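Asks: This structure is in structure tokens; I'll ask about it shortly.
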Ligand code: UD1
Ligand code: MG
């Protein structure tokens, strides 16, 4: 294989996004657009990847890290000017250079590899990746001569009415003979409606110099979608979502209603897991096999073992082991760890809580800053009182203890194994093993007293 290089253009501000966030950092299915591009480019095995940064340079670099080197484009004078910034890394080197925009996140590595191969096969000085668009508005048009050979690319703003009718568009992705690319760049000028150095003009320059130029057309226009505004961003998210969902289904995951299932790029899901409609799964989430995620659930940055059931609940930065069930309407907040076969019922909230195997927290309970052992029963309406308005404190509950309903455990407090906490107690002191903690006012019955109350008088 020839030596491959890649240049990612990511210095633009993205004015048309009307955003404080730099364009290439806008996420598509959970990952910044430029991250998608870097991953696809890396799949084609280039020996060097140069990312052109400008607006938001530090943030783009923080995202991509050491997987790329960077060239700073101080003023954004156009895509051709952006490529010039890579000269210090690539000028004079033999090989093929892929130039790709940071705003075309749907391109696949398969298409990029085909582009490289086509370019090699044609022995061209440049090969443009093109697509056939139903609506080419906004894209550069591919102008071919009377026998169909590529002549040049004309930008929308510089196109005549006739040129604007052309439906074959420039995807903004190209392969170049590296040496010819950098020598041709010096011939660019800003003689166009936007006063910019257009990379697209390189095609005409190479042709004038007598070099051959080729075009490789993708079958799927959607793959080449360039994101310049929020409308295209929404379309890109939709296409990417469809692609991700499709892949999960092929892998053996049942999606009951794929059109309302939102799964980020990079999420892993085991086979025979069933995901109902209106479910969102985000970030670095891994879900095991044979799980059930019912409608309305939202799972973020969490790890779920096999046979876990999440019923209409919110799960964030949580680890859940095999066979545990959650919800409906539970909220598992960061640093929750649930062991095997745990039951979390409705209206339960957890945070920084480790709950051991077989423990049941069934109803209307808050568990925060706590460690619970195994096979514990937590009654209805228990509050782990962890906060005094200034600091947070820990509660520990040992194995097989029974916490009655409507109990407050005021942290810091330790409830040993095999204890009982009487319903309605407000516990402030530790409870030793095999003891029962009871902390509630003694009941007194006042004979005949009810009759004196106005309420009862009405019925007499
Ligand atoms: C560009 C192409 C157009 C093509 C379209 C495909 C040119 C002149 N036009 O138009 O033919 O159909 O992409 O999506 O190339 N950038 C820089 N520095 C700059 C200017 C841009 O790094 O000075 C980066 C941007 O961050 C972006 C990419 O280059 O990632 C493309 O720039 P953009 O302004 O989006 O170009 P388009 O108008 O989409
Ligand atoms: Mg663009």
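Here the Cβ of each residue, glycine as well, is placed from N, Cα and C on the backbone.
Pasting the feature list from TrEMBL:
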| type | residues | note |
| --- | --- | --- |
| ACT_SITE | 363 | active site, proton acceptor |
| BINDING | 9-12, 23, 73, 78-79, 101-103, 140, 155, 170, 228, 333, 351, 366, 377 | UDP-N-acetyl-alpha-D-glucosamine binding site |
| BINDING | 103, 228 | Mg(2+) binding site |
| BINDING | 386, 387, 405, 423, 440 | acetyl-CoA binding site |
| DOMAIN | 6-220 | domain 'Nucleotidyl transferase' |
| DOMAIN | 266-346 | domain 'Mannose-1-phosphate guanyltransferase C-terminal' |
| REGION | 1-230 | region 'Pyrophosphorylase' |
| REGION | 231-251 | region 'Linker' |
| REGION | 252-460 | region 'N-acetyltransferase' |
Asks: Return the residues near residue 440 (acetyl-CoA binding site), defined as same-chain residues 6+ apart in sequence whose C-beta is under 8 angstroms from its C-beta, sorted by sequence, else 'none'.
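Replies: Same-chain residues close to residue 440 (acetyl-CoA binding site) (Cβ under 8 Å, separated by 6 or more) are 422, 424, 425, 426.
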Asks: Translate the DSSP assignment of residue 102 (UDP-N-acetyl-alpha-D-glucosamine binding site) into the three-state scheme.
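Replies: For residue 102 (UDP-N-acetyl-alpha-D-glucosamine binding site) - judged by DSSP and reduced to three states - the answer is coil.
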Asks: Please report the Cα separation of residue 377 (UDP-N-acetyl-alpha-D-glucosamine binding site) and residue 423 (acetyl-CoA binding site) in Å, rounded to an integer.
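Replies: Their Cα atoms are separated by 12 Å.
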Asks: Which binding-site residues, if any, among 102, 228, 440 have a Cβ under 6 Å from ligand 1, given in order along the chain?
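Replies: With ligand 1 as the reference and 6 Å as the Cβ limit, the list reads 102, 228.
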Asks: Through the lens of DSSP with three states only, how would you label residue 387 (acetyl-CoA binding site)?
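Replies: Note: residue 387 (acetyl-CoA binding site) is in a strand by DSSP.
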Asks: Please identify, among the recorded positions 9, 103, 333, 363, the one with the smallest Cα-Cα distance to residue 386 (acetyl-CoA binding site).
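Replies: It is 333, whose Cα lies nearest.
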Asks: Cα of residue 155 (UDP-N-acetyl-alpha-D-glucosamine binding site) to Cα of residue 228 (Mg(2+) binding site): how many Å, rounded?
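Replies: Each residue's Cα considered, residue 155 (UDP-N-acetyl-alpha-D-glucosamine binding site) and residue 228 (Mg(2+) binding site) end up 15 Å apart.
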Asks: Select, from 103, 155, 228, 387, each of the binding-site residues with a Cβ positioned under 6 A from at least one atom of ligand 2; if none does, say none.
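Replies: Once distances to ligand 2 are taken from each Cβ, 103, 228 fall under 6 Å.
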Asks: Of the recorded positions 363, 387, 423, which one has its Cα closest to the Cα of residue 12 (UDP-N-acetyl-alpha-D-glucosamine binding site)?
Replies: 387
Asks: Should residue 363 (active site, proton acceptor) be counted as helix, strand, or coil on the basis of DSSP?
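Replies: The residue in question, residue 363 (active site, proton acceptor), is strand (DSSP, three-state).
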Asks: List every residue in the same chain as residue 78 (UDP-N-acetyl-alpha-D-glucosamine binding site), at least 6 positions away in sequence, whose Cβ is under 8 Å from its Cβ.
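Replies: Once residues fewer than 6 apart are set aside, residue 78 (UDP-N-acetyl-alpha-D-glucosamine binding site) is near 190, 194, 196, 197, 198, 199.
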Asks: Check the DSSP secondary structure of residue 9 (UDP-N-acetyl-alpha-D-glucosamine binding site), expressed as helix, strand or coil.
Replies: strand
